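The substrate binding site annotation in TrEMBL covers Arg163, Met365. What TrEMBL records for 37-252 is domain 'Alanine racemase N-terminal'. The domain 'Alanine racemase C-terminal' annotation in TrEMBL covers 288-418. Under the heading N6-(pyridoxal phosphate)lysine, TrEMBL lists Lys63.
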Amino acid sequence: MNMHSDSSFSASRRLRFNRATLASQQRDGGKPVLVGIDREALSLNVGIIRRRLGARGLCAVLKGDAYGHGIDLVGSCLLDQCTHMAAVDNYELVALRKMAPNTPLLRLRVGTEAEISQAARAGWRIREMAASRDKIERISRLHAHFGARAEIHLTLDAAGLGRNGFFFRDLDDIDVLARDIMAMPNVTVASIACHLPDAGNADPSDRDDPSRVAIDKFRAAVSVLLRHMRENGRKLPELSAYSSASSCAFGQSDSLLDLGCAVFDRIGSSLLGLTEGNGHGERNTSQVMHVSTAVCDVVHRQVGETVGYERSYAVEAANGEDVALLGAGWLTLSRYQQGIGKTELPAWCIGPDGSPHRFLGRQSMNISTIAAKSARGGNLKTGDMCFLTTDFHGTDCAPTIPRIAKWMGGVQHEFVTSAFGASPSSLRFLF
Ligand SMILES: *Cc1c(COP(=O)(O)O)cnc(C)c1O
């Protein structure tokens with residue numbers, strides 16, 4: 001029995017979610033999947049993270065429409081809580097700029113020419129990620145065209161991610177880059193960053209841990225850049241090395257704090273309570289998104305009749321059995337997950353009274369079949385709202401996103417959340 005994960009969806013929260021679900025449905029009904037964003041959980045998570053960050057700033061990472069939670073909903077709750085905000089696509093960045101006129105906004109991927117130019121023309125003041133000399137020069141020109149300064153979030157590939165950072169063999173490469181940047185008239189390097197992809201599995205006490213080696217390499221490269229910036233009388237940049245897992249693993253012994261620059265951590269998953277189960281997750285945070293769906297009908301099946309693909313479930317009770325039909329299958333929950341549901345799922349549906357109902361047989365894209373009666377005597381009726389979960393051990397029945405991710409087959413939890421959120425079948429609301 002795991003009381004911890006159950007606390008992420010306590011009875012009182014379930015009740016609040018239930019009420020909000022009914023209210024949103026009445027106001028704006030018609031969608032089968034209801035996705036509630038729990039403001040209280042979000043604000044508690046932010047408090048936990050900020051306490052641990054200490055002197056470091058908090059950059060809220062809200063890419064992927066805030067990992068499917070809704071950038072409008074989550075962004076407005078976080079406005080006053082973070083020093084920076086980051087996203088990827090222009091529709092996200094402009095939504096953030098409108099709600100936060102003065103917060104530094106970062107694009108956490110190298111932008112396309114069209115994106116950068118649109119942002120520069122509109123004056124959104126986006127700190128553009130760049131990972132090569134040529135890209136910095138392009139960003140500089142695109143801004144100069146509109147008479148604007150280019151703010152750069154310079155990323156260094158210290159950990160061999162080979163994706164978003166400037167690749168350097170040695171510090172001479174950094175020296176050359178620094179000279180080139182200093183020669184560009186309208187460029188400000190506002191921050192320097194690296195990304196540690198394996199920090200979730202790191203041993204922070206091991207000097208040879210690959211993430212530790214990458215931090216040291218980053219630090220050495222930053223020192224070269226800082227020397228050039230000081231010599232040229234430039235304002236010193238901010239530094240940022242950590243996302244959720246690496247922040248928990250290495251942030252305690254932060255070797256960047258003594259370089260004389262402001263430092264901030266880039267936190268996405270942990271804000272949304274998605275890392276609690278990881279090796280280096282943010283402890284005591286709880287899931288912000290809850291998913292609910294409705295019983296559309298209850299049908300009676302006689303003994304010997306079957307339910308689901310390939311006659312996978314046969315009714316054995318002499319008096320037959322009631323089968324509840326949920327208005328959501330895997331297509332509804334996520335357009336990307338079609339077909340996955342045609343398996344026997346280790347899944348449960350939690351009824352309005354908190355009791356678990358079994359999934360009967362193999363499930364499909366557009367509908368789920370559930371035992372209307374639970375072992376505890378719960379009885380689903382048409383119109384009831386249910387929670388979906390993958391695991392049920394005693395009280396450990398909270399429908400957590402990591403569990404749903406496990407159920408779907410080892411996908412990233414943020415992929416699962418964006419799948420729920422992005423589905424045109426879902427209605428998202430704050431509660
Ligand atoms: C997504 C992302 C983050 C946030 O990562 P989490 O693990 O979700 O906290 C940080 N930095 C960059 C560059 C990212 O793309």
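Quick reminder: no glycine exception, Cβ is built from N, Cα and C everywhere.
Fair warning: this is a prediction, and the values are worked out from it, not measured in the lab.
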**Q.** Sparsest-packed of the listed recorded positions (Lys63, Arg163) - C-beta count within 10 angstroms
**A.** Arg163
Q) If you count Cβ atoms within 10 Å of the Cβ of Met365 (substrate binding site), leaving out that atom itself, what do you get? A) 18
Q.
I'd like to know the mean pLDDT over the domain 'Alanine racemase N-terminal' (37-252).
A. 95
Q: May I ask for the distance between the residue listed as 'N6-(pyridoxal phosphate)lysine' and Arg163 (substrate binding site), taken between their Cα atoms and rounded to an integer number of Å?
A: 17
